[in-house]
Amino acid sequence: MTTPFAPRVFSGMQPTGNLHLGNYLGAMVNWIAMQSTHQCIYCVVDLHAITVAQDPVALRRAIIEVTAAYLACGLDPKQSIIFNQSQVAEHAELAWIFNCVARLGWLNRMTQFKEKAGKDRENVAVGLYAYPVLMAADILVYKATHVPVGDDQKQHLELSRDIAQKFNMDFAGSIASHGFGEVFFPLPEPMITGPATRVMSLRDGTKKMSKSDVSDYSRINLTDSPEAIAQKIRKAKTDPEPLPSEEKGLAGRAEAENLVGIYAALTGADVSSVLGEFGGGQFSRFKTALADAAVARLSPISADMRRWLDDEGAVEAVLAEGSARARAIAAPVMREVRDIVGLLRSR
Ligand code: AQP
């Protein structure tokens with residue numbers, strides 16, 4: 001089926017701490033590649049970060065650091081729009097409209113909310129519950145068609161599609177009578193195709209690597225020194241068996257599978273050739289090679305990040321310019337949404 005929507009990419013990361021290898025291999029590598037094929041909009045999603053308590057000073061710092069990481073990884077502000085979410089008020093405005101479109105039953109199924117709220121569900125912020133609705137607004141306020149993310153975001157993307165579809169159906173008459181075509185919002189496609197779509201914790205191969213894990217040893221941060229990377233990999237949990245020589249031997253060995261997957265993603269090799277090289281050997285030799293590969297990939301990024309952080313004003317200027325460009329796309333879409341819903345435009 002042909003779609004009336006020009007291809008456009010949107011994605012974001014939360015400034016809840018340092019970016020880590022999971023963010024990089026699960027999403028960032030894809031973001032960089034898509035810059036040469038698509039119009040891309042990359043956001044630092046600061047309004048998502050405040051769905052859990054943040055220290056204001058640390059949050060401000062994290063917004064700058066995550067932006068510096070974007071730039072150091074290779075996002076190009078001339079090619080792509082790079083900005084922070086809270087500077088474009090249309091995200092929050094469309095999220096409210098979508099709060100009135102999304103159904104409670106849909107949100108009740110979101111596994112990330114259940115994991116993050118845990119046993120304290122009565123006490124968490126309403127914003128944490130409504131997080132996927134804001135995410136739908138982030139994407140759809142730009143009528144984005146493609147969303148490169150890690151595997152953990154699959155369910156949220158499905159919800160974005162459900163919200164877009166319900167809006168298109170609920171307001172079909174108004175959309176047509178305003179001359180906005182048959183459908184107003186595209187159904188955004190998840191692109192879960194990074195070199196490692198789910199990188200797991202170095203301490204527990206059944207949990208995803210995460211910024212908010214209390215143990216810094218669970219993740220490799222893009223800012224870690226070569227010594228810290230080597231030490232974290234040396235201490236990474238493994239099992240007593242040697243590495244298998246074939247892929248099927250990784251079944252039931254979550255930690256081994258994770259480390260081999262990371263090495264394959266970093267070196268561009270496939271898992272079977274990694275096992276061909278290291279299978280039958282002890283973890284120590286493999287871990288040394290893994291640390292070397294991680295340091296080779298991340299050192300230039302952390303060096304470039306430090307250069308950006310020496311000039312915070314330059315980072316803020318990138319965000320200000322990106323926000324103006326983002327607003328120029330979002331504002332007309334939001335004006336049309338107001339027309340469709342029956343709200344008056346401001347004069
Ligand atoms: N472990 C992971 N493996 C692969 N991809 C991952 N992503 C996150 N963790 C992994 C992808 O990175 C992008 C940005 O994620 P985010 O900042 O929006 O927050 P998150 O998904 O909730 O990541 P964290 O690190 O776990 O943050 P906290 O701890 O603050 O919640 C997304 O595309 C995500 O899929």
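Quick reminder: no glycine exception, Cβ is built from N, Cα and C everywhere.
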Same-site ATP binder from V141, V199, given that TrEMBL records Q14, P15, T16, G22, N23, G150, D151, D152, K208, M209, S210, K211, S212: V199
Across the motif ''HIGH' region' (15-23), what are the DSSP residue counts per state (helix, strand, coil)? 3 helix, 1 strand, 5 coil
Need one number for the ATP-binding residues Q14, P15, T16, G22, N23, G150, D151, D152, V199, K208, M209, S210, K211, S212: the maximum pairwise CA distance in Å, whole number please. 19
Between T16 (ATP binding site) and D138 (L-tryptophan binding site), what is the CA-CA distance rounded to a whole number of Å? 18
Of all the binding-site residues here, D138, D151, which one's CB has the most other CB atoms within 10 A? D138
